[in-house]
2 protein chains.
Amino acid sequence: MQDEPEVTVLRYGHRPGRDDRMTTHVGLTARALGADRVVFPDNAGQSLETVEDITGRFGGPFTVELTDRLNAFIRDWEGVVVHLTMYGERVQDVEEAVRERHQSEPILVVVGGEKVPFEVYEEADYNVGVTNQPHSEVAGLAVFLDRLFDGRELEREWEDADRTVIPKATGKKVVEPGSAEAAAVGDADADADANADDA
Amino acid sequence: MQDEPEVTVLRYGHRPGRDDRMTTHVGLTARALGADRVVFPDNAGQSLETVEDITGRFGGPFTVELTDRLNAFIRDWEGVVVHLTMYGERVQDVEEAVRERHQSEPILVVVGGEKVPFEVYEEADYNVGVTNQPHSEVAGLAVFLDRLFDGRELEREWEDADRTVIPKATGKKVVEPGSAEAAAVGDADADADANADDA
């Protein structure tokens, strides 16, 4: 987030077709929950397009990139490498150490897709389990970021958005930022529905 | 979780094939992060099987059910209904009220899939946005549960597990609970990999 050392999320591994939605959700979760950038494997161009599209409409800054060198990206990272895995140390035991290092160092959060090679476990400064149970890389990433930022990510502001959702007890309200009497865009235009599923 | 009013997660909507992994991840996230039960639409039998399989191997208690009456399930809920939606009130503004009610009342957490009808917004006691940005229903559920339970879910213990992952700074260690010298089950048996992707 602005005024903090960078946080980048690296999606390690992607199977086109099969993983499209999961990879897209990793990217959208990274964006929504305070990361500055997501990096996908170079065969995940479709997920890149979706995340860029959402960023164009709902605002940034947020960067999406592809890489064809996942291992080198991790090896060359100048800062702290956190690898999320159900085999790692308990998040509640290491989060404070990671938060402290994030005060001065950029963080790379590696999120596994297909099987992650042992090299990644070795390169990581922290292998971290959000529970030691099998669940979802998207869920693990979400809880990790919320704890890394200590909830500050929920207060972040968005620049250059075409539309902004106004929190509402019942129903949906979407406005164009900056419009004097921010005009309500009706339900019919809610093409970016809760999960960007069809994005 | 044990000794607390029940928390049930209801997956609202499911498109077989297309949504299988997302629905499975909703179920596994519910289990891993402290819910007692997940209820899927009746066309999500494949996701039910996966979540039951994981529960059989990694422990419970955790229940998976199907329903053919989503709306009635919400309407008949005796307790608090929370609907997660990017259009709702900010989680940081309502979480304390929900936590307080959970001290004495069961909570139903509704997680949207396809478009959610307006009736659900109306039936909900709280429409809650984990950010007002489009991202992932799995990420929203994860952050919501972590905040509902205030991190207690990370300490829960599992009963009747065939295997238990031992947190480790590097590598993987899986043991059979109860074995005197808990025997390490090697990497080769790590069929329940981080994300249960192939489960």
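Just so it is clear, glycine is given a Cβ too, placed from its N, Cα and C backbone atoms.
Because TrEMBL annotations are produced automatically, they should be read as predictions rather than curated entries.
What TrEMBL says about this one:
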- A:L84, A:G112, A:G113, A:E114, A:K115, A:V116: S-adenosyl-L-methionine binding site (BINDING)
- A:188-199: compositional bias 'Acidic residues' (COMPBIAS)
- A:177-199: region 'Disordered' (REGION)
Greatest C-beta neighbour count within 10 angstroms, which of the binding-site residues A:L84, A:V116: A:L84
Looking only at Cβ atoms, how many others are within 10 Å of the one on A:G112 (S-adenosyl-L-methionine binding site)? 22
Go through A:G113, A:E114, A:K115, our binding-site residues, and report the one whose Cβ sees the most other Cβ atoms within 10 Å. A:G113
By a three-class reduction of DSSP, A:K115 (S-adenosyl-L-methionine binding site) is assigned coil
